[in-house]
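Chemist: Input: one structure, supplied below.
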Amino acid sequence: MEKTIAINAGSSSLKFQLYDMPSERVITAGIVERIGLKDSIFTITVDGEKIKEIIDIPDHEIAVQMLLEKLINHKVIGSYDEITGIGHRVVHGGERFPESVYIDDQVIKDIEALSELAPLHNPANVTGIKAFRKILPDVVSVAVFDTAFHQTMPPASYLYSLPYSYYEDYGIRKYGFHGTSHKYVSERAAELLGRPVEELRLLTCHLGNGASIAAIEGGKSMDTSMGFTPLAGVSMGTRSGNIDPALIPFIMEKTGKTAEQVLDVLNKESGMLGVSGISSDLRDLEDEAAKGNDRAELALQVFVDRIHKYIGSYAARMNGVDAIIFTAGIGENSSYIREKVLRGLEFMGVYWDPALNQVRGEERFLNYPHSPVKVIIIPTNEELMIARDVETIKQNH
């Protein structure tokens, strides 16, 4: 029995999901939190039961050792030999990695070299890769990049209107993120629609604390709302999304903050938190708006307004849309936001049923049968995409 483990390593966390392949059955999943801090938390689900331990885990290598030991202790696996593939989520692949790759020493060096494009994420991703390679050196390891799916964007979509030499010399361009999620839901939408993805025009809305929209034509990403970094695009939980770049020196002058401090504000104190002054959590804002809090209502309106701008422009970009897909925490669970986004799209041929919209986290169509444009909730499954890519590369390696 072959097992593949999908890994998402953060700076102080390690999420994992173990699959039986090729059946794609989830065997177990869990997370190690607060790595390198006192009272680290190890959580694993075994036979539907969540087991939680508080234990000191000083670094990622110890976290990986512990994870593998727990898999054996809880009889999830009989020996390490059962694990035949490891897939690692890597946030930034730049232009170097247009698809998932087998990890060797050179690939690790290249991912490290791309760290200046994703200083918060890539170093953590590499730490996870190295920890697993040290303990399971002979198992096929694969890197799956958040940016890879968007590498099909044409130059007119990814170039900024800056001196062209900035792109040539420094790699300044739109990269886009959440690619694994956009790819998964676009392929799943094609299955649900019973049509080849190659003939579809899809608008995928990955709406979570981080949010991005993508225009997917013929199974390929043509454009997406995030940019050089995940700060661009729509308003998010704490991120501003697109702003006039001249605001940065203006804010510096007015507040005495450095460029780095302003960037910190744009990343961590803006978006729905910044506008509402209450919370970055959409559920809190929905509750407050229902009680008549104007600022909470305004934060939600700004979020929806920015989503509308992308839906309109991407529909024009693809000369029409066959389906709109909602995914991720907000997209899957907030009937309120879906309703606000869908209201006013009738001109595009979107006719949706309010009764069907009262659902959380399950896969379903929201449109009336006669609606030319279909509307679908598809819970994302980035871990499964990672496991599938491992399978593909394992067969070719």
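Any Cβ shown, glycine's included, is placed from N, Cα and C.
When I checked Swiss-Prot for this same protein, it listed these features:
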type	residues	note
ACT_SITE	ASP146	active site, proton donor/acceptor
BINDING	ASN8, GLU382	Mg(2+) binding site
BINDING	LYS15, HIS206, LEU207, GLY208, ASN209, GLY210, ASP281, LEU282, ARG283, GLY329, ILE330, GLY331, GLU332, ASN333	ATP binding site
BINDING	ARG89	substrate binding site
SITE	HIS178	site 'Transition state stabilizer'
SITE	ARG239	site 'Transition state stabilizer'
Chemist: Tell me, in order along the sequence, which recorded positions from ASN8, ARG89, ASP146, ASN209, ILE330, GLU332 have their CA within 10 Å of ARG239 (site 'Transition state stabilizer').
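Modeler: ASN209, listed in sequence order.
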Chemist: Given the recorded positions ASN8, ASP146, HIS178, GLU382, which lie within 10 A of LYS15 (ATP binding site) by CA-CA distance?
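Modeler: Final answer, ordered: ASN8.
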Chemist: In whole Å, could you give the widest CA to CA gap in the ATP site formed by LYS15, HIS206, LEU207, GLY208, ASN209, GLY210, ASP281, LEU282, ARG283, GLY329, ILE330, GLY331, GLU332, ASN333?
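Modeler: Result: 24 Å between the two most distant Cα atoms.
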Chemist: Can you tell me which recorded positions out of ARG89, HIS178, LEU207, ASN209, ASP281, ARG283 are within 10 A of GLU382 (Mg(2+) binding site) by Cα, answering none if there aren't any?
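Modeler: Checking Cα-Cα distances against GLU382 (Mg(2+) binding site), the recorded positions within 10 Å turn out to be ARG89, HIS178.
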Chemist: Sequence gap of 6 or more, Cβ distance under 8 Å: name the residues on the same chain that satisfy this around ARG283 (ATP binding site), in order along the sequence.
Modeler: SER334
Chemist: What's the CA to CA span in angstrom from ASP281 (ATP binding site) over to ASN8 (Mg(2+) binding site)?
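Modeler: If we compare the Cα positions of ASP281 (ATP binding site) and ASN8 (Mg(2+) binding site), the gap is 23 Å.
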Chemist: For ASN8 (Mg(2+) binding site) and ARG89 (substrate binding site), determine the Cα separation and express it in whole Å.
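Modeler: On Cα coordinates alone, these residues lie 5 Å apart.
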Chemist: Considering only the recorded positions ARG89, ASP146, HIS178, which residue has the minimal Cα-Cα separation from LEU207 (ATP binding site)?
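Modeler: Its closest listed neighbour, by Cα, is HIS178.
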Chemist: Kindly assign LEU207 (ATP binding site) to one of the three DSSP-derived states: helix, strand or coil.
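Modeler: DSSP call for LEU207 (ATP binding site): strand.
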Chemist: Please report the distance from the Cα of GLU332 (ATP binding site) to the Cα of the residue listed as 'substrate binding site', rounded to the nearest angstrom.
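Modeler: Computed Cα spacing between GLU332 (ATP binding site) and the residue listed as 'substrate binding site' is 22 Å.
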Chemist: In angstrom units, rounded to an integer, how far apart are the Cα atoms of ILE330 (ATP binding site) and HIS178 (site 'Transition state stabilizer')?
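Modeler: Answer for this pair: 14 Å between alpha carbons.
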Chemist: Of the recorded positions ASP146, HIS178, ASN209, which one has its Cα closest to the Cα of ARG89 (substrate binding site)?
Modeler: ASP146
